[in-house]
Ligand code: FBP
(Lines of atoms letter the chains of each structure in order from A and count residues from 1; the text may use other names and numbers.)
(Lines give C-alpha, C1' and ligand atoms only; values in the text may rest on other atoms or scores of the structure.)
Protein backbone atom coordinates (compact mmCIF):
# COMPACT_ATOMS: atom_id res chain seq x y z
CA UNK A 1 0.00 0.00 0.00
CA UNK A 2 1.38 3.41 -0.93
CA UNK A 3 0.67 5.71 1.99
CA UNK A 4 0.07 9.45 1.95
CA UNK A 5 2.01 11.61 4.43
CA UNK A 6 -1.23 12.14 6.41
CA UNK A 7 -1.87 8.40 6.56
CA UNK A 8 1.64 7.81 7.90
CA UNK A 9 1.27 10.54 10.50
CA UNK A 10 -2.17 9.26 11.55
CA UNK A 11 -0.89 5.71 12.12
CA UNK A 12 0.71 6.85 15.33
CA UNK A 13 -2.40 8.65 16.65
CA UNK A 14 -3.51 6.96 19.89
CA UNK A 15 -7.30 7.04 20.09
CA UNK A 16 -8.65 8.32 23.38
CA UNK A 17 -10.52 5.78 25.53
CA UNK A 18 -13.08 6.23 28.32
CA UNK A 19 -11.44 5.90 31.75
CA UNK A 20 -13.32 2.66 32.50
CA UNK A 21 -11.69 0.89 29.56
CA UNK A 22 -8.12 1.76 30.44
CA UNK A 23 -7.61 -0.91 33.09
CA UNK A 24 -9.52 -3.87 34.45
CA UNK A 25 -13.25 -3.56 33.67
CA UNK A 26 -16.12 -4.42 35.99
CA UNK A 27 -19.59 -4.91 34.49
CA UNK A 28 -22.55 -3.36 36.30
CA UNK A 29 -25.98 -4.73 35.36
CA UNK A 30 -28.95 -2.40 35.08
CA UNK A 31 -32.64 -3.24 35.11
CA UNK A 32 -34.42 -5.77 32.88
CA UNK A 33 -35.26 -4.13 29.53
CA UNK A 34 -38.23 -4.06 27.17
CA UNK A 35 -38.39 -3.54 23.44
CA UNK A 36 -39.26 -0.04 22.26
CA UNK A 37 -42.67 -1.26 20.96
CA UNK A 38 -44.59 -4.46 20.22
CA UNK A 39 -43.20 -6.06 23.40
CA UNK A 40 -45.29 -9.25 23.30
CA UNK A 41 -44.36 -10.00 19.67
CA UNK A 42 -40.66 -9.30 20.17
CA UNK A 43 -40.50 -11.36 23.37
CA UNK A 44 -42.12 -14.28 21.58
CA UNK A 45 -39.62 -14.08 18.71
CA UNK A 46 -36.56 -13.68 20.97
CA UNK A 47 -37.28 -15.85 24.02
CA UNK A 48 -33.57 -16.32 24.83
CA UNK A 49 -32.28 -12.78 24.39
CA UNK A 50 -35.31 -10.63 25.31
CA UNK A 51 -35.28 -8.50 28.45
CA UNK A 52 -31.54 -8.69 29.23
CA UNK A 53 -30.20 -5.80 31.33
CA UNK A 54 -28.27 -2.78 30.10
CA UNK A 55 -24.59 -3.16 31.03
CA UNK A 56 -22.31 -0.35 32.16
CA UNK A 57 -18.55 -0.64 32.50
CA UNK A 58 -16.66 0.67 35.50
CA UNK A 59 -13.10 0.38 36.66
CA UNK A 60 -12.90 -2.72 38.86
CA UNK A 61 -12.53 -6.45 39.03
CA UNK A 62 -13.10 -8.12 35.68
CA UNK A 63 -15.08 -11.33 35.18
CA UNK A 64 -13.58 -11.85 31.72
CA UNK A 65 -12.45 -15.30 30.68
CA UNK A 66 -8.70 -15.91 30.62
CA UNK A 67 -9.11 -18.82 28.21
CA UNK A 68 -7.92 -18.04 24.67
CA UNK A 69 -10.82 -17.04 22.43
CA UNK A 70 -11.25 -16.45 18.72
CA UNK A 71 -13.47 -13.79 17.26
CA UNK A 72 -14.81 -13.29 13.73
CA UNK A 73 -15.53 -9.78 12.41
CA UNK A 74 -17.98 -8.74 9.72
CA UNK A 75 -18.28 -5.29 8.16
CA UNK A 76 -21.79 -4.97 6.81
CA UNK A 77 -23.45 -2.50 4.44
CA UNK A 78 -22.25 0.93 3.37
CA UNK A 79 -18.83 2.15 4.37
CA UNK A 80 -18.55 4.59 7.29
CA UNK A 81 -15.39 6.36 8.51
CA UNK A 82 -13.91 4.63 11.53
CA UNK A 83 -14.63 0.98 10.72
CA UNK A 84 -10.92 0.20 10.81
CA UNK A 85 -10.71 1.67 14.30
CA UNK A 86 -13.57 -0.52 15.53
CA UNK A 87 -11.48 -3.44 14.31
CA UNK A 88 -8.26 -2.17 15.89
CA UNK A 89 -10.14 -1.54 19.16
CA UNK A 90 -11.48 -5.12 19.20
CA UNK A 91 -8.06 -6.46 18.28
CA UNK A 92 -6.16 -4.50 20.94
CA UNK A 93 -8.80 -5.26 23.60
CA UNK A 94 -8.66 -8.99 22.92
CA UNK A 95 -4.87 -9.15 22.69
CA UNK A 96 -4.55 -7.26 25.96
CA UNK A 97 -6.78 -9.83 27.67
CA UNK A 98 -4.79 -12.72 26.29
CA UNK A 99 -2.13 -12.48 23.56
CA UNK A 100 -3.23 -15.92 22.36
CA UNK A 101 -6.69 -14.58 21.42
CA UNK A 102 -7.26 -14.63 17.67
CA UNK A 103 -9.18 -12.29 15.37
CA UNK A 104 -10.50 -13.31 11.96
CA UNK A 105 -12.07 -11.00 9.43
CA UNK A 106 -14.77 -12.43 7.17
CA UNK A 107 -14.18 -10.99 3.72
CA UNK A 108 -16.66 -8.95 1.70
CA UNK A 109 -19.38 -8.60 4.33
CA UNK A 110 -21.83 -11.13 5.78
CA UNK A 111 -21.43 -13.28 2.64
CA UNK A 112 -17.87 -14.06 3.82
CA UNK A 113 -19.23 -15.87 6.89
CA UNK A 114 -21.51 -18.06 4.80
CA UNK A 115 -18.92 -18.73 2.07
CA UNK A 116 -16.07 -19.18 4.55
CA UNK A 117 -13.93 -16.40 3.07
CA UNK A 118 -11.77 -15.13 5.86
CA UNK A 119 -8.37 -13.84 6.84
CA UNK A 120 -6.67 -13.91 10.22
CA UNK A 121 -5.82 -10.38 11.33
CA UNK A 122 -2.39 -9.88 12.80
CA UNK A 123 -0.30 -6.94 14.07
CA UNK A 124 1.31 -6.26 10.71
CA UNK A 125 -2.09 -6.01 9.00
CA UNK A 126 -3.88 -4.02 11.71
CA UNK A 127 -1.06 -1.49 12.06
CA UNK A 128 -1.44 -0.39 8.42
CA UNK A 129 -5.11 0.48 8.92
CA UNK A 130 -5.14 2.35 12.23
CA UNK A 131 -7.07 5.63 12.00
CA UNK A 132 -7.72 5.25 8.28
CA UNK A 133 -11.05 5.52 6.47
CA UNK A 134 -12.61 2.76 4.38
CA UNK A 135 -13.57 -0.84 4.99
CA UNK A 136 -10.88 -2.23 2.71
CA UNK A 137 -9.08 -4.15 5.46
CA UNK A 138 -11.60 -6.98 4.96
CA UNK A 139 -14.20 -5.43 2.65
CA UNK A 140 -17.93 -5.01 3.17
CA UNK A 141 -21.08 -6.29 1.50
CA UNK A 142 -24.86 -6.16 1.66
CA UNK A 143 -25.71 -9.87 1.79
CA UNK A 144 -28.62 -10.22 4.15
CA UNK A 145 -28.11 -12.90 6.80
CA UNK A 146 -31.63 -14.12 7.39
CA UNK A 147 -32.01 -17.72 6.32
CA UNK A 148 -31.50 -20.60 8.75
CA UNK A 149 -29.28 -22.32 6.17
CA UNK A 150 -26.98 -19.26 6.22
CA UNK A 151 -26.89 -19.31 10.03
CA UNK A 152 -26.04 -23.02 10.04
CA UNK A 153 -23.37 -22.64 7.36
CA UNK A 154 -21.90 -19.71 9.33
CA UNK A 155 -21.87 -21.81 12.48
CA UNK A 156 -20.12 -24.66 10.71
CA UNK A 157 -17.45 -22.21 9.47
CA UNK A 158 -17.05 -20.67 12.94
CA UNK A 159 -16.67 -24.11 14.51
CA UNK A 160 -14.00 -25.06 11.98
CA UNK A 161 -12.00 -21.96 12.93
CA UNK A 162 -12.67 -22.30 16.65
CA UNK A 163 -14.55 -18.96 16.65
CA UNK A 164 -16.40 -18.22 19.90
CA UNK A 165 -17.92 -14.88 18.95
CA UNK A 166 -18.92 -12.78 15.96
CA UNK A 167 -18.97 -8.99 15.83
CA UNK A 168 -21.29 -7.54 13.20
CA UNK A 169 -20.41 -3.95 12.44
CA UNK A 170 -23.44 -2.56 10.65
CA UNK A 171 -26.52 -0.36 10.51
CA UNK A 172 -30.06 -1.02 11.70
CA UNK A 173 -30.78 -3.82 9.24
CA UNK A 174 -27.46 -5.60 9.85
CA UNK A 175 -27.85 -5.32 13.62
CA UNK A 176 -31.39 -6.64 13.31
CA UNK A 177 -29.87 -9.69 11.63
CA UNK A 178 -27.19 -9.85 14.32
CA UNK A 179 -29.95 -10.03 16.90
CA UNK A 180 -31.74 -12.84 15.05
CA UNK A 181 -28.43 -14.69 14.74
CA UNK A 182 -27.63 -14.23 18.44
CA UNK A 183 -31.05 -15.63 19.36
CA UNK A 184 -30.65 -18.59 17.01
CA UNK A 185 -27.18 -19.52 18.26
CA UNK A 186 -28.23 -19.13 21.88
CA UNK A 187 -31.34 -21.23 21.36
CA UNK A 188 -29.13 -23.94 19.80
CA UNK A 189 -26.55 -23.53 22.58
CA UNK A 190 -24.09 -23.26 19.71
CA UNK A 191 -21.30 -21.61 21.71
CA UNK A 192 -21.01 -18.60 19.38
CA UNK A 193 -21.85 -15.19 20.81
CA UNK A 194 -22.96 -12.30 18.56
CA UNK A 195 -22.23 -8.64 19.32
CA UNK A 196 -23.25 -5.63 17.18
CA UNK A 197 -21.58 -2.26 16.62
CA UNK A 198 -23.61 0.80 15.50
CA UNK A 199 -22.37 1.90 12.10
CA UNK A 200 -23.83 4.19 9.44
CA UNK A 201 -23.10 7.64 8.16
CA UNK A 202 -26.89 8.12 7.99
CA UNK A 203 -27.04 8.66 11.76
CA UNK A 204 -30.36 6.82 12.00
CA UNK A 205 -29.22 4.03 14.29
CA UNK A 206 -29.59 5.89 17.53
CA UNK A 207 -31.74 5.81 20.61
CA UNK A 208 -31.64 6.42 24.32
CA UNK A 209 -28.52 4.24 24.70
CA UNK A 210 -26.81 4.76 21.33
CA UNK A 211 -26.21 8.50 21.00
CA UNK A 212 -24.92 8.30 17.44
CA UNK A 213 -23.78 5.77 14.89
CA UNK A 214 -20.13 5.95 13.92
CA UNK A 215 -19.12 7.66 10.69
CA UNK A 216 -21.87 10.30 10.91
CA UNK A 217 -19.44 12.81 12.42
CA UNK A 218 -16.77 12.48 9.74
CA UNK A 219 -19.16 12.23 6.80
CA UNK A 220 -21.05 15.36 7.89
CA UNK A 221 -17.77 17.23 8.37
CA UNK A 222 -16.64 16.28 4.86
CA UNK A 223 -19.97 17.33 3.30
CA UNK A 224 -20.01 20.52 5.35
CA UNK A 225 -16.54 21.41 4.13
CA UNK A 226 -17.74 20.93 0.53
CA UNK A 227 -20.99 22.84 1.10
CA UNK A 228 -19.02 25.67 2.70
CA UNK A 229 -16.67 25.77 -0.29
CA UNK A 230 -19.62 25.88 -2.68
CA UNK A 231 -21.28 28.61 -0.64
CA UNK A 232 -18.12 30.71 -0.79
CA UNK A 233 -18.03 30.17 -4.54
CA UNK A 234 -21.73 31.10 -4.83
CA UNK A 235 -21.20 34.22 -2.74
CA UNK A 236 -18.17 35.17 -4.87
CA UNK A 237 -19.66 34.66 -8.34
CA UNK A 238 -23.24 35.47 -7.31
CA UNK A 239 -24.72 33.66 -10.30
CA UNK A 240 -25.71 30.12 -9.32
CA UNK A 241 -28.20 28.37 -7.12
CA UNK A 242 -26.66 25.09 -5.94
CA UNK A 243 -29.02 22.19 -5.27
CA UNK A 244 -27.11 19.73 -3.12
CA UNK A 245 -28.49 16.27 -2.45
CA UNK A 246 -26.98 14.67 0.63
CA UNK A 247 -26.75 10.99 1.39
CA UNK A 248 -28.79 9.39 4.14
CA UNK A 249 -31.23 6.85 2.87
CA UNK A 250 -34.31 7.75 4.93
CA UNK A 251 -33.64 10.09 7.79
CA UNK A 252 -32.53 13.69 7.18
CA UNK A 253 -29.95 13.75 10.00
CA UNK A 254 -27.09 14.44 7.57
CA UNK A 255 -28.92 17.34 5.88
CA UNK A 256 -29.84 18.77 9.28
CA UNK A 257 -26.32 18.48 10.71
CA UNK A 258 -24.76 20.00 7.57
CA UNK A 259 -27.29 22.85 7.74
CA UNK A 260 -26.35 23.58 11.34
CA UNK A 261 -22.68 23.58 10.33
CA UNK A 262 -22.97 25.72 7.18
CA UNK A 263 -26.17 27.84 7.40
CA UNK A 264 -27.43 27.39 3.83
CA UNK A 265 -30.39 29.33 2.40
CA UNK A 266 -32.78 26.39 2.25
CA UNK A 267 -32.78 23.00 3.95
CA UNK A 268 -35.44 20.42 3.25
CA UNK A 269 -36.10 18.01 6.09
CA UNK A 270 -38.02 14.97 4.81
CA UNK A 271 -39.64 14.27 8.16
CA UNK A 272 -41.17 17.77 8.14
CA UNK A 273 -42.42 17.34 4.57
CA UNK A 274 -44.16 14.16 5.66
CA UNK A 275 -45.57 15.63 8.87
CA UNK A 276 -47.04 18.56 6.94
CA UNK A 277 -48.33 16.17 4.22
CA UNK A 278 -46.64 18.35 1.62
CA UNK A 279 -46.96 17.54 -2.06
CA UNK A 280 -44.00 17.74 -4.42
CA UNK A 281 -45.54 20.90 -5.84
CA UNK A 282 -45.63 22.50 -2.38
CA UNK A 283 -41.97 21.65 -1.79
CA UNK A 284 -41.14 23.24 -5.14
CA UNK A 285 -43.26 26.36 -4.46
CA UNK A 286 -41.55 26.83 -1.13
CA UNK A 287 -38.11 26.81 -2.80
CA UNK A 288 -39.28 29.05 -5.67
CA UNK A 289 -40.72 31.62 -3.23
CA UNK A 290 -37.40 31.81 -1.40
CA UNK A 291 -35.49 32.13 -4.68
CA UNK A 292 -37.83 34.96 -5.62
CA UNK A 293 -37.43 36.70 -2.26
CA UNK A 294 -33.63 36.64 -2.58
CA UNK A 295 -33.88 37.82 -6.19
CA UNK A 296 -35.93 40.80 -5.01
CA UNK A 297 -32.86 41.71 -2.92
CA UNK A 298 -30.65 41.33 -5.98
CA UNK A 299 -29.22 37.99 -4.83
CA UNK A 300 -29.59 35.45 -7.63
CA UNK A 301 -27.62 32.76 -5.88
CA UNK A 302 -28.04 30.38 -3.01
CA UNK A 303 -27.85 26.87 -1.66
CA UNK A 304 -30.52 24.22 -1.12
CA UNK A 305 -29.79 21.08 0.90
CA UNK A 306 -31.89 18.08 -0.10
CA UNK A 307 -31.94 14.82 1.87
CA UNK A 308 -31.61 11.89 -0.53
CA UNK A 309 -34.66 10.13 0.91
CA UNK A 310 -37.01 13.07 0.20
CA UNK A 311 -39.16 11.32 -2.41
CA UNK A 312 -40.00 8.57 0.06
CA UNK A 313 -41.40 11.12 2.51
CA UNK A 314 -43.77 12.94 0.19
CA UNK A 315 -46.96 11.18 1.31
CA UNK A 316 -48.26 10.27 -2.16
CA UNK A 317 -44.79 9.04 -3.19
CA UNK A 318 -44.40 7.09 0.04
CA UNK A 319 -47.67 5.28 -0.59
CA UNK A 320 -46.64 4.63 -4.18
CA UNK A 321 -43.23 3.26 -3.15
CA UNK A 322 -44.85 0.99 -0.52
CA UNK A 323 -47.21 -0.43 -3.17
CA UNK A 324 -44.35 -0.79 -5.65
CA UNK A 325 -42.20 -2.56 -3.02
CA UNK A 326 -44.91 -5.15 -2.43
CA UNK A 327 -45.59 -5.56 -6.15
CA UNK A 328 -41.92 -5.90 -7.03
CA UNK A 329 -41.36 -8.40 -4.18
CA UNK A 330 -44.29 -10.57 -5.18
CA UNK A 331 -43.99 -10.39 -8.99
CA UNK A 332 -40.21 -10.42 -9.37
CA UNK A 333 -40.07 -12.90 -12.23
CA UNK A 334 -42.74 -11.23 -14.37
CA UNK A 335 -41.25 -7.76 -13.83
CA UNK A 336 -37.72 -8.91 -14.65
CA UNK A 337 -38.93 -10.59 -17.84
CA UNK A 338 -39.81 -7.23 -19.45
CA UNK A 339 -37.13 -5.80 -21.68
CA UNK A 340 -38.06 -2.13 -21.56
CA UNK A 341 -38.92 0.25 -18.74
CA UNK A 342 -42.03 1.25 -20.69
CA UNK A 343 -43.39 -2.32 -20.58
CA UNK A 344 -42.48 -2.65 -16.91
CA UNK A 345 -44.23 0.59 -16.11
CA UNK A 346 -47.39 -0.37 -18.01
CA UNK A 347 -47.50 -3.72 -16.20
CA UNK A 348 -47.13 -2.03 -12.80
CA UNK A 349 -49.73 0.64 -13.61
CA UNK A 350 -52.23 -2.17 -14.19
CA UNK A 351 -51.47 -3.71 -10.80
CA UNK A 352 -51.30 -0.56 -8.67
CA UNK A 353 -54.37 0.82 -6.90
CA UNK A 354 -56.21 3.36 -9.07
CA UNK A 355 -54.97 6.31 -6.96
CA UNK A 356 -51.33 5.23 -7.06
CA UNK A 357 -51.50 4.33 -10.75
CA UNK A 358 -52.36 7.99 -11.41
CA UNK A 359 -49.42 9.22 -9.30
CA UNK A 360 -47.06 6.77 -11.03
CA UNK A 361 -48.27 7.83 -14.48
CA UNK A 362 -47.77 11.51 -13.62
CA UNK A 363 -44.04 11.13 -12.81
CA UNK A 364 -41.32 12.14 -15.27
CA UNK A 365 -39.83 9.05 -16.96
CA UNK A 366 -36.45 9.37 -15.27
CA UNK A 367 -37.94 9.29 -11.77
CA UNK A 368 -40.45 6.53 -12.58
CA UNK A 369 -37.63 4.40 -13.99
CA UNK A 370 -35.52 4.99 -10.91
CA UNK A 371 -38.41 3.87 -8.67
CA UNK A 372 -38.56 0.57 -10.56
CA UNK A 373 -34.89 -0.25 -10.01
CA UNK A 374 -34.05 -3.34 -7.99
CA UNK A 375 -34.36 -2.89 -4.23
CA UNK A 376 -31.24 -3.49 -2.15
CA UNK A 377 -31.07 -6.86 -0.32
CA UNK A 378 -32.94 -5.31 2.63
CA UNK A 379 -35.84 -4.23 0.40
CA UNK A 380 -34.94 -0.52 0.35
CA UNK A 381 -35.38 1.72 -2.68
CA UNK A 382 -31.91 2.79 -3.83
CA UNK A 383 -32.51 6.49 -3.21
CA UNK A 384 -28.89 7.39 -4.01
CA UNK A 385 -29.79 6.67 -7.64
CA UNK A 386 -32.81 8.98 -7.74
CA UNK A 387 -31.73 12.35 -9.04
CA UNK A 388 -33.95 14.45 -6.78
CA UNK A 389 -31.67 17.48 -7.11
CA UNK A 390 -32.20 17.53 -10.88
CA UNK A 391 -35.93 16.95 -10.53
CA UNK A 392 -36.21 19.90 -8.15
CA UNK A 393 -34.07 22.17 -10.35
CA UNK A 394 -36.34 21.47 -13.34
CA UNK A 395 -39.52 21.96 -11.35
CA UNK A 396 -38.31 25.16 -9.65
CA UNK A 397 -37.22 26.53 -13.04
CA UNK A 398 -40.70 25.86 -14.46
CA UNK A 399 -42.39 27.41 -11.43
CA UNK A 400 -40.21 30.55 -11.62
CA UNK A 401 -41.07 30.92 -15.29
CA UNK A 402 -44.74 31.04 -14.37
CA UNK A 403 -44.06 33.44 -11.50
CA UNK A 404 -42.13 35.71 -13.84
CA UNK A 405 -45.07 35.84 -16.23
CA UNK A 406 -47.33 36.71 -13.30
CA UNK A 407 -44.92 39.46 -12.24
CA UNK A 408 -43.99 37.65 -9.01
CA UNK A 409 -40.32 37.08 -9.84
CA UNK A 410 -37.72 39.44 -11.19
CA UNK A 411 -34.44 37.51 -11.12
CA UNK A 412 -32.28 35.15 -13.18
CA UNK A 413 -32.17 31.47 -12.26
CA UNK A 414 -29.17 29.32 -13.14
CA UNK A 415 -28.69 26.17 -11.10
CA UNK A 416 -26.08 23.48 -10.51
CA UNK A 417 -26.88 20.07 -9.08
CA UNK A 418 -24.57 18.12 -6.75
CA UNK A 419 -24.76 14.87 -4.88
CA UNK A 420 -22.52 14.36 -1.88
CA UNK A 421 -22.53 10.83 -0.63
CA UNK A 422 -19.75 8.46 -1.50
CA UNK A 423 -17.07 11.15 -1.03
CA UNK A 424 -17.76 11.17 2.72
CA UNK A 425 -18.07 7.48 3.48
CA UNK A 426 -14.39 6.55 3.48
CA UNK A 427 -12.76 9.77 4.66
CA UNK A 428 -10.02 9.49 7.27
CA UNK A 429 -12.01 9.46 10.53
CA UNK A 430 -12.14 12.69 12.49
CA UNK A 431 -10.61 12.51 15.97
CA UNK A 432 -14.15 12.05 17.28
CA UNK A 433 -14.82 9.03 15.07
CA UNK A 434 -11.30 7.64 15.56
CA UNK A 435 -11.79 7.75 19.36
CA UNK A 436 -15.44 6.69 19.33
CA UNK A 437 -14.86 3.74 17.00
CA UNK A 438 -11.82 2.50 18.88
CA UNK A 439 -13.85 2.70 22.11
CA UNK A 440 -16.79 0.84 20.50
CA UNK A 441 -14.42 -1.91 19.36
CA UNK A 442 -12.70 -2.11 22.73
CA UNK A 443 -16.13 -2.32 24.39
CA UNK A 444 -17.10 -5.19 22.08
CA UNK A 445 -13.98 -7.09 23.16
CA UNK A 446 -15.02 -6.76 26.81
CA UNK A 447 -18.59 -7.91 26.07
CA UNK A 448 -17.20 -10.97 24.30
CA UNK A 449 -14.73 -11.83 27.05
CA UNK A 450 -17.58 -11.55 29.56
CA UNK A 451 -19.58 -14.13 27.58
CA UNK A 452 -22.34 -11.73 26.45
CA UNK A 453 -24.47 -12.23 23.35
CA UNK A 454 -27.28 -10.25 21.68
CA UNK A 455 -25.73 -6.97 22.83
CA UNK A 456 -24.71 -3.86 20.94
CA UNK A 457 -21.57 -2.04 21.96
CA UNK A 458 -22.53 1.33 23.45
CA UNK A 459 -20.43 4.39 24.30
CA UNK A 460 -22.34 7.39 25.67
CA UNK A 461 -21.90 10.89 27.13
CA UNK A 462 -20.19 11.82 23.88
CA UNK A 463 -20.12 15.60 24.24
CA UNK A 464 -17.85 15.21 27.28
CA UNK A 465 -14.11 14.57 26.85
CA UNK A 466 -13.46 10.91 25.89
CA UNK A 467 -12.11 10.17 29.37
CA UNK A 468 -15.67 10.65 30.68
CA UNK A 469 -17.46 8.59 28.04
CA UNK A 470 -19.63 5.77 29.43
CA UNK A 471 -19.05 2.38 27.84
CA UNK A 472 -21.22 -0.72 28.10
CA UNK A 473 -23.68 -2.95 26.27
CA UNK A 474 -27.32 -2.58 25.24
CA UNK A 475 -29.52 -5.61 24.43
CA UNK A 476 -30.42 -5.32 20.76
CA UNK A 477 -33.97 -6.57 21.44
CA UNK A 478 -34.50 -3.33 23.38
CA UNK A 479 -34.33 -1.37 20.09
CA UNK A 480 -36.80 -3.52 18.17
CA UNK A 481 -40.34 -3.18 16.90
CA UNK A 482 -42.45 -4.87 14.23
CA UNK A 483 -42.48 -3.33 10.73
CA UNK A 484 -43.75 -4.31 7.32
CA UNK A 485 -40.89 -5.50 5.07
CA UNK A 486 -41.24 -7.19 1.68
CA UNK A 487 -44.95 -7.35 2.37
CA UNK A 488 -44.59 -9.15 5.76
CA UNK A 489 -44.44 -8.03 9.41
CA UNK A 490 -40.85 -8.49 10.69
CA UNK A 491 -38.96 -7.66 13.89
CA UNK A 492 -36.53 -4.81 13.10
CA UNK A 493 -34.52 -2.18 14.92
CA UNK A 494 -36.57 1.00 14.89
CA UNK A 495 -34.99 3.56 12.57
CA UNK A 496 -34.41 6.93 14.24
CA UNK A 497 -35.79 9.70 12.07
CA UNK A 498 -35.30 13.42 12.72
CA UNK A 499 -37.55 14.38 15.63
CA UNK A 500 -39.51 17.50 14.83
CA UNK A 501 -39.71 18.33 18.53
CA UNK A 502 -36.01 17.60 19.00
CA UNK A 503 -33.40 20.25 19.76
CA UNK A 504 -31.39 20.01 16.49
CA UNK A 505 -34.48 20.59 14.31
CA UNK A 506 -35.67 23.40 16.59
CA UNK A 507 -32.23 25.02 16.28
CA UNK A 508 -32.67 25.00 12.49
CA UNK A 509 -36.23 26.37 12.69
CA UNK A 510 -35.08 29.25 14.89
CA UNK A 511 -32.70 30.48 12.19
CA UNK A 512 -33.87 29.28 8.81
CA UNK A 513 -35.97 32.32 7.81
CA UNK A 514 -32.98 34.56 8.46
CA UNK A 515 -30.62 32.20 6.57
CA UNK A 516 -33.07 32.02 3.63
CA UNK A 517 -33.24 35.73 2.95
CA UNK A 518 -29.88 36.89 4.18
CA UNK A 519 -26.53 35.39 3.31
CA UNK A 520 -25.24 33.97 6.59
CA UNK A 521 -23.00 31.20 5.30
CA UNK A 522 -20.45 29.48 7.53
CA UNK A 523 -17.36 27.91 5.92
CA UNK A 524 -16.23 25.05 8.20
CA UNK A 525 -13.13 24.11 6.17
CA UNK A 526 -11.53 20.64 6.14
CA UNK A 527 -11.39 18.26 9.09
CA UNK A 528 -8.36 19.00 11.22
CA UNK A 529 -6.48 16.11 12.75
CA UNK A 530 -3.70 18.01 14.51
CA UNK A 531 -4.05 21.23 16.46
CA UNK A 532 -6.13 22.77 19.21
CA UNK A 533 -8.80 20.57 20.74
CA UNK A 534 -11.57 23.14 20.09
CA UNK A 535 -10.88 22.67 16.37
CA UNK A 536 -9.94 18.98 16.22
CA UNK A 537 -12.16 17.24 18.75
CA UNK A 538 -15.54 18.87 18.11
CA UNK A 539 -18.57 16.56 18.25
CA UNK A 540 -21.45 17.16 15.81
CA UNK A 541 -23.87 20.04 16.37
CA UNK A 542 -26.61 17.40 16.56
CA UNK A 543 -24.98 15.82 19.62
CA UNK A 544 -24.35 19.21 21.17
CA UNK A 545 -27.97 20.33 20.68
CA UNK A 546 -29.30 17.01 21.96
CA UNK A 547 -27.20 17.19 25.10
CA UNK A 548 -28.30 20.72 26.07
P1 FBP B 1 -25.72 1.78 5.51
O2 FBP B 1 -27.11 2.02 6.03
O3 FBP B 1 -25.46 0.37 5.15
O4 FBP B 1 -24.68 2.34 6.44
O5 FBP B 1 -25.55 2.58 4.14
C6 FBP B 1 -25.84 3.91 4.09
C7 FBP B 1 -25.74 4.48 2.72
O8 FBP B 1 -24.53 5.18 2.57
C9 FBP B 1 -26.94 5.37 2.44
O10 FBP B 1 -26.74 6.68 2.90
C11 FBP B 1 -27.09 5.26 0.95
O12 FBP B 1 -28.42 5.48 0.55
C13 FBP B 1 -26.68 3.85 0.68
O14 FBP B 1 -25.79 3.49 1.71
C15 FBP B 1 -26.00 3.67 -0.65
O16 FBP B 1 -25.79 2.31 -0.84
P17 FBP B 1 -24.73 1.70 -1.86
O18 FBP B 1 -23.39 1.84 -1.23
O19 FBP B 1 -25.13 0.28 -1.94
O20 FBP B 1 -24.83 2.47 -3.11
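Glycine is treated like the rest: Cβ placed from N, Cα and C.
Cross-referencing 308, 312, 483 against the substrate binding annotation in TrEMBL, which names 200, 201, 202, 239, 240, 247, 248, 249, 422, 423, 424, 425, picks out 308. With a 10 A radius on its CB, residue 199 (site 'Important for catalytic activity') counts 32 other CB atoms from all the protein chains. With respect to ligand 1, the binding-site residues 78, 202, 240, 423 contribute 78, 202 as residues with a C-beta closer than 6 angstroms to one of its atoms, given in sequence order. Within 10 Å of the C-beta atom of residue 248 (substrate binding site) sit 30 other C-beta atoms, taking all shown protein chains into account. Separating the Cα atoms of residue 78 (diphosphate binding site) and residue 240 (substrate binding site) is a whole-number distance of 32 Å. In the three-state DSSP classification, residue 199 (site 'Important for catalytic activity') falls within a strand.
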